[in-house]
Amino acid sequence: MDHQLVGLMETAPKPGGDVPHKKNKLQSKRKKPRRYWEEEETSPTAAGASPGPSRSKKRKQELRPRRPKNTHIQKKSRISKKPQVPRKSGERRNLVPQRTLSGAQDPFPGPAPVPVEAALKFRRIDKSKKLLHSKSKTRSRLEVADAEEEETSVRAARSELLLAEEPGFLEGDDGEDTAKIRQADIVEAVDIASAAKHFDLNLRQFGPYRLNYSRTGRHLAFGGRRGHVAALDWVTKKLMCEINVIEAVRDIRFLHSEALLSVAQNRWLHIYDNQGIELHCIRRCDRITRLEFLPFHFLLATASETGFLTYLDVSVGKIVTALNARAGRLDVMTQNPYNAVIHLGHSNGTVSLWSPAVKEPLAKILCHRGGVRAVAVDSTGTYMATSGLDHQLKIFDLRGMFQPLSARTLPQGAGHLAFSQRGLLAAGMGDVVNIWAGQGKGSPPSLEQPYLTHRLSGHVHGLQFCPFEDVLGVGHNGGITSMLVPGAAEPNFDGLENNPYRSRKQRQEWEVKALLEKVPAELICLDPRALAEVDVVTLEQEKKERIERLGYDPEAKAPFQPKPKQKGRSSTASLVKRKRKVMDKEHRDKVRQSLEQQQHDQEKKTKPTGTRPSALDRFVR
């Protein structure tokens, strides 16, 4: 019995014998699992003996990113100890191939390269023009501006990939003329949403009509000769307001947003809101025939029967200037979207260009042998189309000497012209609308063969292409017609500038921003790029006048720099005092020399050689 107890005691486990020590227990808890980037250490004995952890635990361990052992991550200092060398834009940083969570390497590290042609399209700084004698501070500023502009162009080229929309086009079969394709055929071929944009408003009772689209292309306003005024969201066909002013309406224009509407009535100019409530009646603008709104300057330009071109600042409600064109009745007017210059057509066949900063026309172009009937300028400000009583339709280049590029004789002559955002030209001739297309945006339209043709139920009285939509709005005697013109508009819009889907809050914020960025009326000129350049001729003329006024050139000699002295005698006040003393002395010497030179020259003029002095010499000036 005792031997059995002794055997049991020998075989029984000791208390705390197999239980690990508390220190070893903590170390086992602190033991960190292997990371996904560490190599697996597998021994043949362990691999064959133990089945290993379950799949779920292994997956959790792999997805948990942890730092390997015996590694120390140093905190990056904001102030670098090494001098930073500016890296060129063309050089790519030698990046270490990064690993993903799955352990795979990125085969294309770093940002994607941008083609040079795509980036050059967004460049605005001309590197060919360099300052010959520029200071180091000016040179450094120019280098910084150049680097920022280059980075901006690369970003713009990268973001261009996000513009998924492409311009539409109309292409016929082999040998088919696209001008013979009717609007009904186009409506049947396009989708339901695009087909809903073609409609006719039968309003014969109050016609003929003038129309205008808002800058976002979402709203349409039209006014009839017999007083009918209406505004609607033409996409959803929701009517905003409809009134009858019981007076002839000659023209209608949206202001900076669709909330305000300007109407040129028979006597005065009236301002309405989008509910049809009259806000202002401007009696200083009377007998208005045409209206144009300059969105970046907040100016409403009006042409009247009396021959006056008036600029009204709608942000403050004051008339900026009233210019007398001295050419009789003004009923042909348009604006250049590129430089905000107003183009006026006159009865003597000329087109004059006006700016509110100058009382005389900036330029006069002789376009036709008879009176000018219509004028239009494309969105780039490069080409101008005119039509006259001589039945001629001409395209002019506004970049050089205003020479005509092409001309075409029309059977009836065009009474109304309009350019689209992509350079298509529409002309209204009686009850027919012809559209000509070019090679694309920035190229003149080809007048040889029309792109589209459409016949209306009445004579054309107004034309305008809808922004960001392949739609042409036509106002005529029978009402309003919305035509489908594939490839007319820009497919992508800037959501921060002209957003058709903006809310009321976004519109209010945009108005505040637009008012802060308002361009003064004095900056309107033919070439806006000249505003960023130095007027060398005027600068030299002012320098010459200054030299004549002072009698010497103050910039001919370098300014005096006093040497520093010891024992506290080089204070700022003493240095300025010594500079002024030397400057005053040099100034007195130069003035004395100039006076002596003037007296010497005057003596030579008053006392000619070979004559005896006379008592009357004192009266000679």
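Yeah, the Cβs are placed from backbone N, Cα and C, and that goes for glycine too.
These features come from TrEMBL:
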- 22-34: compositional bias 'Basic residues' (COMPBIAS)
- 55-85: compositional bias 'Basic residues' (COMPBIAS)
- 583-606: compositional bias 'Basic and acidic residues' (COMPBIAS)
- 450-528: domain 'BING4 C-terminal' (DOMAIN)
- 1-114: region 'Disordered' (REGION)
- 548-621: region 'Disordered' (REGION)
- 365-399: repeat 'WD' (REPEAT)
Query raised in the report: So what's near the repeat 'WD' (365-399) in sequence-distant terms, Cβ-Cβ under 8 Å and 6+ beyond its ends?
Result: 332-339, 343-353, 405-421, 423, 425, 427, 441-442, 444-445, 447
Query raised in the report: For the domain 'BING4 C-terminal' (450-528), DSSP counts of helix, strand and coil?
Result: 17 helix, 22 strand, 40 coil
Report task. Could you put numbers on the helix, strand and coil content of the repeat 'WD' (365-399), residue by residue per DSSP? Result -> 0 helix, 20 strand, 15 coil
